[in-house]
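Quick notes on the structure that follows.
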Amino acid sequence: MDFPGAARLLSLLLVPLLLGPARGLRNASQRTFKIDYGHNRFLKDGQPFRYISGSIHYFRVPRFYWKDRLLKMKMAGLNAIQTYVPWNFHEPQPGQYQFSGEHDVEYFLKLAHELGLLVILRPGPYICAEWDMGGLPAWLLLKESIILRSSDPDYLAAVDKWLGVLLPKMKPLLYQNGGPIITVQVENEYGSYFTCDYDYLRFLQRRFRDHLGGDVLLFTTDGAHEKFLQCGALQGIYATVDFGPDANITAAFQIQRKSEPRGPLVNSEFYTGWLDHWGQPHSRVRTEVVASSLHDVLAHGANVNLYMFIGGTNFAYWNGANIPYQPQPTSYDYDAPLSEAGDLTDKYFALRDVIRKFEKVPEGFIPPSTPKFAYGKVALQKLKTVEDALNVLCPAGPIKSLYPLTFIQVKQYFGFVLYRTTLPQDCSNPTPLSSPLNGVRDRAYVAVDGVPQGVLERSYVITLNITGQAGATLDLLVENMGRVNYGRYINDFKGLISNLTLGSSVLTDWMIFPLDTEDAVRSHLGGWHGRNHGRQDNKAFAHHSSNYTLPAFYAGNFSIPSGIPDLPQDTFIQFSGWTKGQVWINGFNLGRYWPGRGPQVTLFVPRHILVTSAPNTIMVLELERAPCDDNGPELCTVEFVDRPLISATPTSSHPLPDLSDRDSGWDRV
């Protein structure tokens, strides 16, 4: 049965079986969802109800696969799903909204409804979720003094406008209006944030009521510690907690009872796995531990949401980071019951067996794991260095400034900015280039007159010895590795946020190039013909040649084999010999690769971005060192394989903090 055709057929057969009567969006009469405080339970249409839900983030799963993943969740015995709504995903620029295609949250929720799944909606405005800036749009930082997640007037004005766009779209999808949404979360784990601003929570409460109506069931979620609920809970909003499988369940729910003496027990985030960071081992939580703890939670009569049921992928630049600065990788597999690629795991079946002891689990076939195909190796050719492609990457030319400007100041919210100045002194002997205030956010790839010098890295490498003559061009290609998504430092400015020094001199007179890699890749695929043999390539290996090459673009293409049915299929791309960079396939930004740091080695390639009618184009931006160069016989290749590798032993030259405890145990996602 492990074929796409079979999966599609099963989906068509299952949908009518899974749909209950009277599930149309217009059948809203007599539909209610309330709390029965006298019996500590929910009531759905007047009947006792308990939800067992799972988290799925539509923004981390291709729309092409939404139905497949939702069906698998339904067949696991879940009666609801939970999802966040990331503000920055839908309003990337002020007043520019995206609600179509991959951003069509309304379609996603209606699809869940069609499949008989209820919805627990978490619209923020802050979501955390290991997502860039916790879902808050970076353009909020244009007001540098803004206090995020507070009653700061500038912040409230932006939030008010956003909620005025989003929530009216959600209102028709509320359960009482015939839709699937049974509860709506206000903010997210606010008790873990430093501001403790009740005026802010009251403002949100009013706006949610204004837009959604007085009968919608609002709730909050906080870690199962008294200190978190002190600032996270608010009268009139039902307080829930979150905790993982290592927690004392009785003690955790006693914390909820201090805020909610009566009402249903709810764990809004029961952790099935945990998040990863570059340079740390892949997180795993043993299946038997999760299954045993879930059994105990359900035996308490509690409602529970499994976070995550499927993690998915941080495509493009969407990953978040923690403090001390530690960005998350492209994969958000989370060791969840469904893998990053949506495959069934032993954990899936173990949790399904637990659920069937308490609730009825649908009978019938479970949609199978999707087949994978190893397309093999693809040769890539070097196109141009970033320096030589500046006319394409930054057609408007540079911004001039006496001192460095941040990404926000040049309105570059993601990706890369090139900072350029000249050496004010002779550096024939190695001279320290320093960021004394740890002002490189987050990595800077340094070159002098086209000769690679090394990398400055936030919190780890703040000084680098460079050489060059007075008047030589100093370039720093600065990469935004993902904004902090949790804690008091989410106002995470990127770029050079403070001055650099060369020896004892402050560097001035900068030319700043915001790089539009997305437009360049989409508009100029195949347009940068020929290999470059200018001064930059001739010198690229004259200094530190064993460690670095200049950041450069490489491209190649491959065709889907003919004569094999049901192609294209999902695959995984790996980068043997490559170091760190970004990859696009047919203009789709897959995300970051960093096998030199680990633990993720392969990137998930969903089949819907591949084509059979023409060659598929791969574009790679290698930032540190490619496995080939202009002066050697090595061939640059990437390889498509049929198995993921996201748990390699990490390698790092820096001591990395263990962030698995963030606050205490499992308090946070």
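The backbone N, Cα and C atoms fix where each Cβ goes, glycine too.
The substrate site in Swiss-Prot is built from Tyr84, Glu130, Asn188 plus one of Tyr317, Tyr325, Tyr334, Tyr348, namely Tyr334. Only one of Cys427, Cys628 is recorded by Swiss-Prot as the disulfide partner of Cys636: Cys628. The recorded positions close to Cys231 (disulfide bond), defined as a CA atom within 10 A of its CA, are Glu189 out of Tyr84, Asn188, Glu189, Glu269, Cys636. For Glu269 (active site, nucleophile), the nearest neighbour among the recorded positions Glu130, Asn188, Asn248, Asn499, Asn547, judged by Cα separation, is Asn188. In sequence order, Tyr84, Arg122, Gly124, Tyr126, Ile127, Cys128, Gly134, Thr221 constitute the residues six or more apart from Asn188 (substrate binding site) in its chain with CB-CB distances below 8 Å. Considering only the recorded positions Glu130, Asn248, Tyr334, Asn547, Asn557, the residue whose Cα is spatially closest to the Cα of Cys628 (disulfide bond) is Asn547.
Looking only at other Cβ atoms within 10 Å, the busiest spot among the glycosylation sites Asn248, Asn465, Asn557 turns out to be Asn557.
Contacts of Asn547 (N-linked glycosylation site) defined by a Cβ separation under 8 A and a same-chain sequence distance of 6+ are given as Pro452, Gly454, Glu624, Arg625, in order along the sequence. Its Cβ placed at the centre, Asn499 (N-linked glycosylation site) has 15 other Cβ atoms within 10 Å. A straight line from the CA of Asn465 (N-linked glycosylation site) to the CA of Asn499 (N-linked glycosylation site) spans 17 Å.
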